[in-house]
Structure formats: C-alpha cells, structure tokens
Amino acid sequence: MGSGSSSYTPRTIYLDVDGKVQKVGGVFLCVLYILFFFHRNTAIMLVDLEGALVSIDPTMPTNSPKYLYYCITTLLCWTLCIFTAFALQSLAFRINELKTEVTNRLAMLEKRVELEGLKVVEIEKCKNDLKKLRDEMTSRGGGRVNCPCKYNFSDDGKKLTPRRDVPSYPKYTLSQETIEALKKPTFDVWHWEHNEMLSCLEYMYHDLGLVKEFTMNPITLKRWLLAIQENYRSNPFHNFRHCFCVSQMMYGMIHLCNLQEKLTLTDLGILMTAAVCHDLDHPGYNNTYQINARTELAVRYNDISPLENHHCAVAFQILALPECNIFANVDSETFKQIRQAIITLILATDMARHGEILDSFKHKVDNFDFTNEEHVTCLKMVLIKCCDISNEVRPTEVAEPWVDCLLEEYFMQSDREKSEGLPVAPFMDRDKVTKPTAQIGFIKFVLIPMFETVMKLFPQIEEIMVQPLRDSRDHYEELKQIDDAMTEKKTENMSLGGKKK
C-alpha cells in the first residue's frame, strides 16, 4: 500500500474504473468525500491491490498510476459524481469571478471616496482663504468689496434651511380694535414686535380667504412667514418691519378700495404675497450701487433691476421648499400664472421704471375695465408701488422715523461709494441732504401724482391717503423754510464776524 500524509493538503489519487485509469483530484475528490460521508451505504467503494477497503476521506493515503485503487460502483453513480464535480467546479469559477468583481468595485469606491474627501478639504480650504481675503480687504478699507448677498448664486451648494419643526411663535389673539386698525393706513407699525407682526400677517391671509382659496396648510403658512422674516436683513430701512409695513398698507388698500368685489381671490393672493416678498434679502445698497460697483448681482442680472430680480429669486427659493410652499395644493398651470404675476409685481417696484408704469396706468384709468387682464395687471403694479413708498401717507409720528431710517441707509451707501471712488447721488450724500430737501421733491413729484391718479379710480382714498400726503408736503416745506432761515442767519453772523476782524 502506498503511504500518505494525514494532512489536509491538496492531493490526487489514481483509480481503476471499469478498466480505465482515472486521475481524481480537486473538486471531484471533494465530491467523493461528501457522498461517502453523508451516504455510508453508497455504491462507491475503493479497494487497493491487496483487496483491502480504502477509507474515502481526507486522510486517505495517496497512490500512484502503478498502485491503483479499484473503484467498485455503478456507471450511474459514477456519472453522477462527474456531473456534480463539473457543477461545483463551474460554481467555484463563478464565485471567484464575483469575488474579483466585488474587489475591483470596492477598490474603485474607495478611490472615489478618497478623491471626494480631498475635494471637500480643498473646498473648505478655498472658502477659508476667501473669507480671510475678504476680511483683510474690509479691514484695509481701500479695496472694493462686492455688496454682500446672503445667497450667493454661484455657490450651488447653498440652500435655504427654514425651520422644519412646527413654528413656535406665539399665537396672538388680535383684539377687535387691532383688527379694525389693521385695515387703515393710520396703523402704527412701530408698536409691534416681530412675533406680533407675523401673527398679523397670518391673520390677513385667513381674513381675506386666501388660506381657503389656495387650500393652504395653516402650519405651512406659519413656516413660510417665519422663513420670510428670517430672510430679511437687519438694514436700517429695508428690513422685516418695512416688509410688514408694505403688506399692511396693501391689506388696508384692499379693504379701502373694496378690491374683494373687483378682483379675484387669486389677484388678492398675488398682491399680498408680492408685498410680503418684495424686498427679500435686500443688502442695503440700491441698484445704482450694484451696477456702478459691478457686484455679483449686477453681473448676474445684466444691470437690469438686479435687486428686484434677486428678491424674486429668493422668494421662489423659499416657496420651492415643501415645508414653506403655501401654493403646494394649487395645480401646476395656476401656480405658473401666480408665479409670473408675483414676479411682474416685484419687478415693478424698481423706481427706475416709475415713469413708464405710471404713464401706462394714466392711459387706462379714465376708461378702466376690470374685465381687461392688461388693465388689472397695470393696476396691481401701481398698487404695489403705492404700498412700497407709502410711509408719508401715515401720521407724522409714524412716518418721520422711517425718513431717519432711510437716510441712515442712504448715508451708509454714499460713504461706501466715496471710499470706493464711485459716483454719489446728491440726495444720498450726508454733506448735502437734509430731511426736508429729501422729502419735498419726492412727495411733490412722485407720491402725490401717483396717488392722485389712483384716486381717479378710487375716489375714497383722497381723504385717507392723498390729503395726508399734501399735509406732509406742507410740513416739510415749513421745515425747509425754518432751515433756510437758520442757514441765512448763520451766514450773516459769519459775514459780520469776518468784517469785525
């Protein structure tokens, strides 16, 4: 008998099967082991040259072609062994192929993860470098830094992140007195905190029937209003209080002009939503600065109403978020019309288009037709313009603080323009403008002509809106006379002082 090791190293044995020498090893040998182990009474038996049984297991001794084991079995059983061996061998090859494929894919994924990780590191490094450079330029004060915009559209990764939880600002129960006051231009916007203003805006949407008309989810309305508030900056003038001011005046004009009976609920929703969104993310520097300083916004919008285009873009970025989409239950065609109408109204607030829009309305007002879509669109454009610049319609104690806020913002811009070597508008220059000079021309040549034109269509606004404008004009003209008299007296005193010397 041949001697063999009892180890489990791969082996080959030689068999005599029906007079033919068969070399058996690898998978085939494993099949023999398995069949014999699980079926002891199997029809396969091996005997050596001396006729002794050979145990079929991994410890069986190896042999050679000269010392064959005789296989005692049936042809069927032997054929089964062959087919089983081939099947297992094919499976083994397939497993090896899969292992190779998985290994290769893992290697590729690891490489991608490594590359992406490097990209993230590089991006963060680049951002930090840019921040350092910007801080350095700002600290020096000499270099021109683009007007900062909260939403940098060149950064594709920038996303609005409104609150996803149920909004928690307190729900104020508005008194009947407050509800009535909200409908009037005399409403004092300075007495209200942000949370109270949010509650007032929420009430307006419910009161006008907009929540029901557009099937708004009340929680979504709250989230949307919070996102709106959070996306107004803390500028001296163009801030969330200004947003509320314009929206409240729009709500007041809807009631004063009885627009519920003349316009559709969709039109009212467009007017209110455009008013709420009209100055979103205003950076505190006007279009003239944007264009002259060649800021990112001016470049992006080709110097065409860069701020107003930006306000529209931010408004619809917010509405694109499911948590804040108050028009989620409106069909796509209606939403398309609402979107276009809101964009038209916000773009109309660019004062560079004031003459063009007012002239168009003047041509329509004498024969105004509320069934004519073009007429109604023009009216809505004029209405949002009226509301946007309506502070002087309010009582003096409410209106005058807004003049201080506006001048503060103007002076911030003119100081920056001077430091950057850009043109400075005289009405924004702290060395040339006074309150009376800032207001008289604006009231006489912009506000009164526009409101008097609207008065032709809605005579009821004369007493409540137009007359206060005339009174305000007279008030500032009196102040100017006082200022002029004081300046003249000061000049005389200086002149007399010079002569004495």
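Backbone N, Cα and C atoms are what each Cβ position is placed from, and that goes for glycine too.
If you check TrEMBL, you get these features:
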| type | residues | note |
| --- | --- | --- |
| ACT_SITE | HIS238 | active site, proton donor |
| BINDING | HIS238, ASN239, PHE240, ARG241, HIS242, ASP279, ASP388, GLN439 | AMP binding site |
| BINDING | HIS242, HIS278, ASP279, ASP388 | Zn(2+) 1 binding site |
| BINDING | ASP279 | Zn(2+) 2 binding site |
| DOMAIN | 162-483 | domain 'PDEase' |
| TRANSMEM | 21-39 | transmembrane segment |
| TRANSMEM | 67-88 | transmembrane segment |
Chain-mates of HIS242, HIS278, ASP279, ASP388 with C-beta within 8 Å of site centroid, Zn(2+) 1: HIS238, CYS243, VAL246, ALA275, HIS282, THR349
Site extent for AMP (largest Cα pair distance over HIS238, ASN239, PHE240, ARG241, HIS242, ASP279, ASP388, GLN439, Å): 23
Candidate with the highest Cβ count within 10 Å, taken from the binding-site residues ASN239, GLN439: GLN439
Cβ-based isolation winner (fewest other Cβ atoms within 10 Å) among the recorded positions HIS238, ARG241, HIS242, HIS278: ARG241
Residue among binding-site residues ASP279, ASP388 with least C-beta crowding, 10 angstrom cut-off: ASP388
The domain 'PDEase' (162-483) [mean pLDDT, rounded to integer]: 95
Cα separation, HIS278 (Zn(2+) 1 binding site) to ASN239 (AMP binding site) (Å, whole number): 11
Around the Cβ of PHE240 (AMP binding site), the count of other Cβ atoms that are within 10 Å: 21
